[in-house]
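Q: Feature table excerpt (TrEMBL):
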DOMAIN    27-265  domain 'ABC transporter'
TRANSMEM  355-377  transmembrane segment
TRANSMEM  392-412  transmembrane segment
TRANSMEM  433-459  transmembrane segment
TRANSMEM  465-482  transmembrane segment
TRANSMEM  489-518  transmembrane segment
TRANSMEM  599-618  transmembrane segment
Amino acid sequence: MSIFSREDVEKQVNRSGSTLSFLHFSYQVESAKGKKVGKLLVDDVSVTVRAGELLAIMGPSGAGKSTLLDLMAFRKTPLDGAVVSLNGETLDAKSMQHMSTFVEQEDALLGVLTVRESVSYALRLHLPLLSRREVAARVDRVLTALGLQSCSHQRIGTPISRGISGGQKRRVTAACAMVTFPRILLLDEVTSGLDSTSAREVMSAIRTLAVSEGMIVIATIHQPSLETLAQFTDILLLAQGQTCFSGKVGELEGFLERWGHPVGKFITPSDHAMNFLNEDFAEGTGRETRNDAAAFRQFYLSTNPPLPEIRDTEFKVEEARYLDVEHGKAGGLGTLFWNTVVLSQRTAVNYSRNLLAYGVRAGMYAGMGFMLGTIWIRLGTDDSTINDRLSVHFYSVAFLAFMSVAGIPGFLEERSVYYRETKNGLYSTLPFVLSNTLVNMPFLLICTLLFTLICYWAIGLHGGAPAFFRFLAFLYLAILAAESQMIIVAALLPIFVAALAVGAFVNGFWMSVGGYFIKARSLPRFWYYSFHYMDYQRYAFELLTNSDFRGLNFKCTSPTVKGDTCVCAYPSSTPETCTVSGADVLDYLDIGGISYGKWVAIVVGITIIYRVALYFALKMRSK
């Protein structure tokens, strides 16, 4: 059976859809000592929503709206006694994540992707086995319902490339959530920052698809216009974490009139209600807002009917509609494989189009190669150039590693999308780390190749193809380790300036203990036996230096008086030849005779440790 031919089922769903109940929700914050603070952020709130209905949660600032939505999504743990049930069947956190999608206040989207691509990738990550035809049909349906077909081939937009409008971005974020067939849609301040027209268009589009597919929509919303509020079927008013009204949107005006405070001509019922519930500006206005809010709640409690009974028979109809998409899901290993493939495709597209984040980086590596090649040009093999050669290898490792901080902005954008999608259950942390690694590796190889092609022969390093490719491989491993280190910092510190500062410090630290500025044997014992042996820059520098110096002989300064001995910059094992060998230099620096294979294995091992640490850093921050 196709997952897209379901009109008859939808009609039946709208007649007798599922019923979702949240009963006796309360929440308190904890003090630093672990003791409960007296004030409840949410105090015994209960509400019921049916399929095809849209519930607006409203209240003044600090009323507990976002906290209640987090409790509904199991992002916070309520006090004992809270129950979430669907048609009488109790739901846990895993069940809720499986059938719901949470839309954050901010739009976390990749700016270089088009509207259609953004929505398509979301569906392919959720149901990786769907055919391209089924994906296209579902995406078309959602884009049409949300009014996005006209801009479906426009890019979202980046700081240097203008994209779609703010209202359209909100609808794209909603589309990425609704395309995955959620039974429950949770929206946190979905109209925040939008003008009244855009806010109405966003909610109207969401309502169109939600009603047609029998979704349950719960949204926190702040000061909606009359047209925006009309898109909701139900409303829940909160004040000080307590329920002050719960019912149909159309019933609020009559409720206020029965209470003795009818709505005026030039104000919406919700705004009129907020005048009594908002206590932020009570002082100096002559109003006793606390008493008003208490009276508001007391009148509601005196007239409120009991919560409707949940009918178990409703579940079967809704379940039938959602069994259609099961064929698009894969098993455990299959999901890991296909999520990694899809994420790799999306990341590759992001890298290829994002000129600011990745095109500029490639240009930086090429520019650095040009600078080294023209400053250290044609060093030759005089012993006076030995220190210059050492500087080239140190500079290549240390400063190219330092440039890895340029990858922080791009990763922070990917990180924000990762958190939005993983919290909604589209994929787990492992495929994200794998895809980032798989796409990063060829990109960094291209950058390293650009640098090496430009500067290697211009400087006059060790001739021959083997030495060239060793230099390329060793430098590439160092840059890959540096990149892995920087994205760990970005994963733990999502603020760009903070991540940049910490990343710069870490790179400077490795430069200091690597053994170039001060000989390794002269380092204090603590630094020598700890961080010196952990320093990937140290191993990369020694690899590059050995690759270049082995097999070379440097001419010493010839004596000016006959019979005098040659003067060499480094001790020579063959002073009679008036040369100093590369092996002599390496031995003097205590880095001669290293094993290429062993040192390469150590750098690779450090990189793997960094990638594993990235996995745990992302997992830790997502909790």
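Each Cβ is built from the backbone N, Cα and C atoms, and glycine gets one as well.
Remember, predicted model here, so these are calculated numbers, not experimental data.
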Q: Do any residues, 6 or more residues outside the transmembrane segment (355-377), come within under 8 Å Cβ-to-Cβ of it, and if so which ones?
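A: Residues packing against the transmembrane segment (355-377) from afar: 158-160, 388, 391-392, 395-396, 399-400, 403, 406-407, 409-410, 413, 443, 446-448, 450-455, 458-460.
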Q: Is it true that the transmembrane segment (599-618) and the transmembrane segment (465-482) have 3 or more Cβ pairs under 8 Å, skipping pairs fewer than 6 apart in sequence?
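A: Since 3 or more Cβ pairs under 8 Å link them, the transmembrane segment (599-618) and the transmembrane segment (465-482) do come into contact.
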Q: Of the listed stretches 433-459, 465-482, 489-518, which one has the most C-beta pairs under 8 A with the transmembrane segment (392-412)?
A: 489-518
Q: Take the transmembrane segment (489-518) and find every residue of the same chain, 6 or more past its ends, with a Cβ under 8 Å from one of its Cβ atoms.
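A: Sequence-remote neighbours of the transmembrane segment (489-518) are 390, 394, 398, 401-402, 404-405, 407-409, 411-412, 415-416, 482, 527, 531-532, 535-538, 541, 591, 614, 617-618, 621.
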